[in-house]
């Protein structure tokens, strides 16, 4: 029962993480109209989240390995939930709305950057190998639930009450989730102890040191980092620009359709990928074979549908292609995300933090570059070509160098 409660709670937490994260992309068009932002300025705002996001990945993973991922997640969620709820108020503080919104997005990125590394640390320590893919895919499906929730409810709130209501909604729900976890799943004493450890500094024991030199001498680790970089970057570019693509290309279309349908498809796709991965491993297939199959779907096939988006003028076809691309990207949860736990379960949070830092840095460049390409060429095809190139570079690297054997076992550990 405790395991089921935590799985459901983390699923909801991931949902709210993306609910708050995708509030800005949903509202960008309306905010640009209110404040007079062009595509380049909107690109700067959308990419600013990743400026902060890339700075706390390694810290979040290392803290998760040391004091417990659940404590890191709760403390950070209380902060980013509060910032989301007060975002509309920040826009009224000054006439320099772009500067204030950019600052709030950077801060959001800093606080949300610890979530997935801490989650990876938690699951690598608590979940068996044969159940890891399905558990991670189930919790990871919250990202689609969150984007779906913001796309559906957020589109209605945006139309009825204005963009401010979207931030109040997602921020308020997050604070309710924090209260529930604190009240029913974590004891106050645990949080006080965790805060005390953070305040005093983390003592370094030989057992908890990260064998970072040993890790980064392995081609399999670099393959995992590059593949995670590609997966994160292509996903960040799509989630940031797809709402604007549909809004401008099909101005008469209903917002709830293109903001909801792709994520509605992605939820069962994520669950199916986790079930299929664990099933194949239990049937005797090698773990690395299954991981590479999942990545072939998550990076290779998904990029084909992303390319198709740039070569159609039909709204229905565009929704189908976007849904297929986003849905197939969820197979990455059962591929590279779990492969990192295969390689180094003792310091999976740290290694995932390094990989996701690379992905966040690439996301900054990718989202900004996407805005520049759209503004310069006047065509969305360049954006989807960019997504395909990034995805296939990561896929080829993982197919050639990817492995699933542990690489963190060593009698001599180097200090982080």
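Quick reminder: no glycine exception, Cβ is built from N, Cα and C everywhere.
Residues or ranges marked as domain 'Major facilitator superfamily (MFS) profile' by TrEMBL: 6-406.
Panel annotation: around the transmembrane segment (72-91), residues 10, 13, 16-17, 20, 23, 31, 35, 60, 63-64, 97, 100-101, 103-104, 107-108, 111-112, 114-115, 118-119, 122, 163-164, 167-168, 170-175, 177-178, 181-182, 186, 191, 194-195 of the same chain, lying at least six beyond its termini, place a Cβ under 8 Å from a Cβ of the stretch. Summarising the annotation, TrEMBL assigns transmembrane segment to 72-91 (among others).
The transmembrane segment annotation in TrEMBL covers 103-122 (among others).
For 134-157 (among others), the entry in TrEMBL reads transmembrane segment.
Through the fold, the transmembrane segment (220-244) approaches residues 22, 25-26, 28-29, 42, 46-47, 50, 147, 255, 258-259, 262, 295, 298-299, 302-303, 306, 322, 325-326, 329, 332, 335-337, 339-340, 343-344, 351-352, 354-356, 358-360, 362-363, 365-367, 370-371, 374, 383, 386-387, 390-391, 393-395, 397-398, 400-403, 405, 407 of its own chain, all at least 6 residues removed from its boundaries and within a Cβ separation under 8 Å. The feature transmembrane segment is assigned by TrEMBL to 220-244 (among others).
The transmembrane segment annotation in TrEMBL covers 256-276 (among others).
What TrEMBL lists as transmembrane segment is 297-328 (among others).
According to TrEMBL, the transmembrane segment annotation covers 348-373 (among others). Sequence-distant contacts of the transmembrane segment (348-373) (same chain, at least 6 residues past either end, Cβ-Cβ under 8 Å): 39-40, 42-44, 46-47, 50-51, 53-55, 57-65, 69, 109, 113, 116-118, 120-122, 124, 210, 212, 215, 221, 224-226, 228-234, 236-237, 240-241, 336-337, 340-341, 382-383, 386, 390, 416.
Look at TrEMBL and you will find 380-401 (among others) tagged as transmembrane segment. Cβ atoms under 8 Å from those of the transmembrane segment (380-401) belong to residues 219-220, 222-224, 226-231, 233-234, 237-238, 241, 245, 249, 292, 295-296, 299-300, 302-304, 306-307, 309-311, 335-336, 362, 366, 369-370, 373-374 of the same chain, restricted to positions at least 6 beyond its ends.
With a cut-off of 8 Å between Cβ atoms, the residues of this chain six or more beyond the transmembrane segment (103-122) that come close are 10, 13-14, 17, 20-21, 24, 45-46, 48-61, 63-65, 68-70, 72-73, 76-77, 79-80, 83-84, 87, 90, 136, 139, 337, 340-341, 348-350, 352-353, 356, 360.
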